[in-house]
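Presented below is the structure to which this report refers.
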């Protein structure tokens, strides 16, 4: 009886995984964040102060809230380019209804409801009509912004009561109140993804939507929930924005989708869906916020800042693709 052939020995280097890919993505992000802090502190002596770090949290809260919603969307292999416009439209609706005499907190609640409904509309078009998320949200980006401009008629709304403005201006000790709002929402989204059936279905859809359907996952309803939550968080960001600057303007949130997507992809959420989470998004947000803040203190023009953030996004996607390519060959 012949002896079966022994399996071939692996070739030298086969299956080797580079150190940077074996490390948790959060550790790599922390290292990048430390490098960014060092560079920005060299650009401006005002960067390494307690007050400035508090300002970093203040000015990044709106983008952070949007990023949390974007995390849910991208985990399903989708995209939501309309979040900045939803923020702007909800801000205008808040200011407009308040100017008509409505209680400011009721106006805020209506803005939150509007954000959820706008996100739901995105989800309905995507799931019922079958148009790709990129096309749908690119269209609604323009539609929602146009509605904000039409309602405002180039006006801004102000004279909000101090109790409402505290949402965007108050501090609890050295910590801005809106930073606590951000981390509270982040904890809620983390729990949703990590500890609920809904969260498991989100990951299942992102990994393989066809397999998820065959497994009994109600894909359409989950996607509706994801886009509704994204709109709701954009509406919340609109309210925080109004409280922070004491004014509701139609141009609120322009370009925020770029920073939000960058934070999510930097945080390790795969653009193809199914991989990622809230912790990475928060670290990615801090990295983007630190870069923006440091460049602002160094008097770098906004257009140059956008180039830098765009380059960071491109780099993050490239690294993600290289990691996927390397994993498939290992």
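Heads up, the Cβ atoms here are built off N, Cα and C, so glycines get one too.
Annotation comment: TrEMBL describes 27-50, 71-98, 104-126, 133-151, 171-193, 222-243, 263-291, 303-323 as transmembrane segment.
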Original post:
In terms of Cβ proximity under 8 Å, which residues at least six beyond the ends of the transmembrane segment (171-193) contact it?
Top reply: 50, 54, 57-58, 60-61, 64-65, 68, 71-72, 75, 199, 202-203, 233, 236, 240, 243-244, 277-279, 281-282
Subject >> Two-stretch contact, the transmembrane segment (27-50) and the transmembrane segment (104-126), at least three Cβ pairs under 8 Å >> reply: no
Original post:
Which range out of 71-98, 263-291, 303-323 gives the transmembrane segment (133-151) the most CB pairs under 8 Å?
Top reply: 71-98
Subject >> Other parts of the chain folded back onto the transmembrane segment (303-323), taken as Cβ under 8 Å at six or more residues beyond its ends >> reply: 21, 255, 258-259, 261-262, 265-266, 268, 270-271, 284, 287-288, 291-292, 295-296
